[in-house]
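The next block holds one structure in the form of structure tokens; read it before the comments.
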């Protein structure tokens, strides 16, 4: 009876983990840096292509290791230049990765889970429930796939991916260890060399893990707020029943204090018609955030079938924004991108749609918005 050896996937190993791996097979630690550059800088998954590695070591690696990212199921490009990849992970589920170009900046929105357990009422991802956590290789693999698609070398002036946001499918803090490992690779010069200021983790408010985050990594933090009081947030973001606003904001303040350098929290606020878009909500928000240095990103709701919510009018959004501006806040309104390929914020559901169905979906969305189309007020890419 023969037994097959489970190969180590090198794609998700951080530098210390890679060095430990080479130690364990009797090789010098500097090999870790060589192999990491081939994997992350040049997108190589074939050990024979690693020409500065000896043939003997290449043969050894082929027997015990692999470089395996998620399977690309589809890649779509929006009319506005936004790209969306649907990738299949080991659990069999599909997740989505979105690239948003804007001038010299290219932001990659990365998923951390297949599905999501938090069940935010306005988010299409939450409607499908939780399926699985992604491995570190599956999280960083989304960056690897996108980078290979562009043929871009990280840490160069003309690289395609300048920013990464953990704002795709799932709650990153509920897949803590794998997300931390992937973010370290994003920032490592042997990985993707992205500045800590340009890597952002977005959370709905898992308070104990926000406190834990500061012990492990230094990245920008965004809070999915969406409501200015506990009663409303309990309805929109059910985890608020466990970690109410006072507790949540105090944890964010503690985290931001560890960063220093005058960095501020980003507040994300999805605007829902007649639910949280009134001036009195803005007034409540001003009072709520008075002790929290922050910038505010208003996100007009992106419709999806059977959501039960609508996007507010242009005037309602402007009134809300003006109220916050008058209180001294830096407020932007996010421009919807990738709507024709279901890549807009809140629309990620991990499904593969054929072109006819996607076209029908886009027409329906345009009709929903035609009566009161929102012009570009400002653009914020975190």
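Glycine is no exception: its Cβ is also placed from the backbone N, Cα and C atoms.
The Cβ neighbour count for residue 96 (active site, proton acceptor), using a 10 Å radius over every protein chain in view, is 28. According to Swiss-Prot, the feature active site, proton acceptor maps to 96.
Residues annotated as active site, S-methylcysteine intermediate in Swiss-Prot: 345.
The [4Fe-4S] cluster binding site feature in Swiss-Prot is assigned to 116, 120, 123; the stated evidence is sequence analysis. Around the Cβ of residue 116 ([4Fe-4S] cluster binding site), the same chain contributes 123, 125, 126, 128, 129, 130, 169, 170, 171, each under 8 angstroms and 6 or more positions distant in sequence.
Under the heading S-adenosyl-L-methionine binding site, Swiss-Prot lists 170, 171, 202, 224, 225, 226, 302, citing sequence analysis as support.
Look at residue 109 (disulfide bond): DSSP puts it in a strand. Summarising the annotation, Swiss-Prot assigns disulfide bond to 109-345.
Look at Swiss-Prot and you will find 102-342 tagged as domain 'Radical SAM core', backed by sequence analysis.
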Check: Out of these binding-site residues, 202, 302, which one has the fewest other C-beta atoms within 10 Å of its own C-beta?
Finding: 202
Item checked: Largest separation between Cα atoms (Å) of residues that the record links to S-adenosyl-L-methionine, namely 170, 171, 202, 224, 225, 226, 302 -> 19
Next item on the list: Among the recorded positions 109, 120, 224, 302, report those whose Cα falls within 10 Å of that of residue 96 (active site, proton acceptor); none is a fine answer.
Entry: 109
Next item on the list: Identify, among the recorded positions 109, 120, 123, 225, the residue whose Cβ has the fewest other Cβ atoms within 10 Å in this structure.
Entry: 120
